[in-house]
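Novice: Before we start, here is the structure in question, set down as structure tokens.
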Amino acid sequence: MTRKIIVGSEEWCSLPGLGLPAIKARVDSGAATSSLHAFNIVPFQRDEARWISFEVHPLQNDRSVVIRRESPVLEQRGVRNTSGITETRYVIREQLVLGEESWPIELTLTNRDAMGYRMLLGREAMVGRVLVDPEGSHQLGDLRQDQLEAMYAPLRTERNGLRIALLASDPELYSNRRLLEAGEERGHRMEFLNVKQCYMRLDPQNPEMHYRGGNVLERINAVIPRIRPSVTFYGCAITRQFEAMGISVLNAAEPIKRSRDKLLASQLFVRHGLNMPVTGFASSPLDTKDLIKMVGGAPLILKLLEGAQGRGVVLAETQKAAESVINAMKSLNANLLVQEFIKEAGGKDLRCFVIGGKVVSAIERTAAVGDFRSNIHQGGSAQAVRIRPEERKLAVSATRALGLDVAGVDIIRSERGPLLLEVNSSPGLEGIETATGKDLAGLMIQEIERKLGWVRTRLSEPQVAC
């Protein structure tokens, strides 16, 4: 009979086959599978077998230690994450060392940056071998910081990548955190720049960008603008200055401006022959009745030109309601689009994420009960979806029409085919990354690398410190 090991809620273990002399694991008998933090996961074929390459930051909040490995794939498995979303993960088999015992376990690979532990030890890996004392921790011994430093010192890497600035307003937003993390994980120096704290020197001989009281921003290779609608004018001015300084931007200022002006964007879509709901725009209240008739009558959608994330969008269910809202908005000098309501969509739409002229991910969004807006910020839900070829073509064409490198393209399914709703130049990452499990932030960083012709240096094979 095998002697069982008693462990606490967290323990240090090692995975020698991966070159991990020590990694802290969360012990969770409530989880069936074990998982390991991994990123830059790339599948490939070797001797007609499926393999993956991946990288690991074994120490929480320390990205200077990077280990790269290649492993054969056992399978791909659906695993329900903490948000209740099922992710498809690669599964590998590795030898686990826990205390003085060792045995093979299966590990699923996923990005655990948002979680407190780089590894989770689930019940399938412990059955018949481990007893868990949930009130204890480090039952098999703890490690001091200096011990960890000695173990991982040979594996620390200096950042020799690009210097990339994220131009935004709040570094704590999910999308911004993910972009900063993704850049660091690929070996780049990431810097957050608050839009409002940047200011410029306009000089044809020596244009400059200053930040927070006089610091001159120099040697930046690329900028990712993530500009809030409320600061579009200033944010685009700052982005243009970076462009004037010869710095690559992931979405230039003019395409961002086009995407923020719903009327201009719609006119560009029409010019490029892209299918969209019938839309009307007028200035005088005398034209209200004909404007409503123009788009097929009520019910219809009313959109403020300056709205975003579902704000400033109203469903007018009757002719009288539509007239009242339109005339009220005109009396306030608010610019308003009137748009055909696509009833057969049933409160659903598609969000296609486009990077570098390709749809890299897509979700179907469903409106919350009692609402017609499917935006996740308005309480809608999302799930991964396989889009049709004509939907993929429409998303890519819309992005090109505006000149964007990265975009979230909203499409609605109708009886006459896919219709283009809107293109977002700063698409949120949380909903779509959670629903699909795809590292979209990493793909955005890779697009910067592609634009600049930067080739990532292969990391050396890991060595276990003695």
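Sequential numbering from 1, following the chain as shown.
Cβ coordinates come from backbone N, Cα and C, glycine included.
Quick paste of what Swiss-Prot says about this protein:
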- K303, E340, F341, D349, R373, S374, N375: ATP binding site (BINDING)
- D410, E422: Mg(2+) 1 binding site (BINDING)
- D410, E422: Mn(2+) 1 binding site (BINDING)
- E422, N424: Mg(2+) 2 binding site (BINDING)
- E422, N424: Mn(2+) 2 binding site (BINDING)
- 266-449: domain 'ATP-grasp' (DOMAIN)
- 1-161: region 'Unknown' (REGION)
- 162-466: region 'Alpha-L-glutamate ligase' (REGION)
Novice: Enter the number of other CB atoms within 10 angstroms of the CB of F341 (ATP binding site).
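Specialist: Taking every protein chain into account, the count is 17.
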Novice: With Cβ-Cβ distance below 8 Å and at least 6 positions apart along the chain, what are the contacts of D410 (Mg(2+) 1 binding site)? List them in sequence order.
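Specialist: Correct list: D349, L350, R351, C352, L420, L421, E422, V423, N424.
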Novice: Inside 10 Å of the Cβ of N424 (Mg(2+) 2 binding site), count up the other Cβ atoms and send me the figure.
Specialist: 18
Novice: Far apart in sequence but close in space: which same-chain residues, 6 or more away, have a Cβ under 8 Å from E340 (ATP binding site)?
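Specialist: Within the chain, E340 (ATP binding site) has Cβ neighbours under 8 Å at P277, V278, T279, V295, G296, L300, I301.
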Novice: Just how many other Cβ atoms lie inside 10 Å of the Cβ on K303 (ATP binding site)?
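Specialist: The answer is 21.
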Novice: Take the domain 'ATP-grasp' (266-449) and average the pLDDT across it for me.
Specialist: 87
Novice: For E422 (Mg(2+) 1 binding site), just count the other CB atoms lying within 10 A of its CB, please.
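Specialist: I count 23 other Cβ atoms within 10 Å of it.
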Novice: Just counting, how many other CB atoms are there within 10 A of the CB of D349 (ATP binding site)?
Specialist: 23
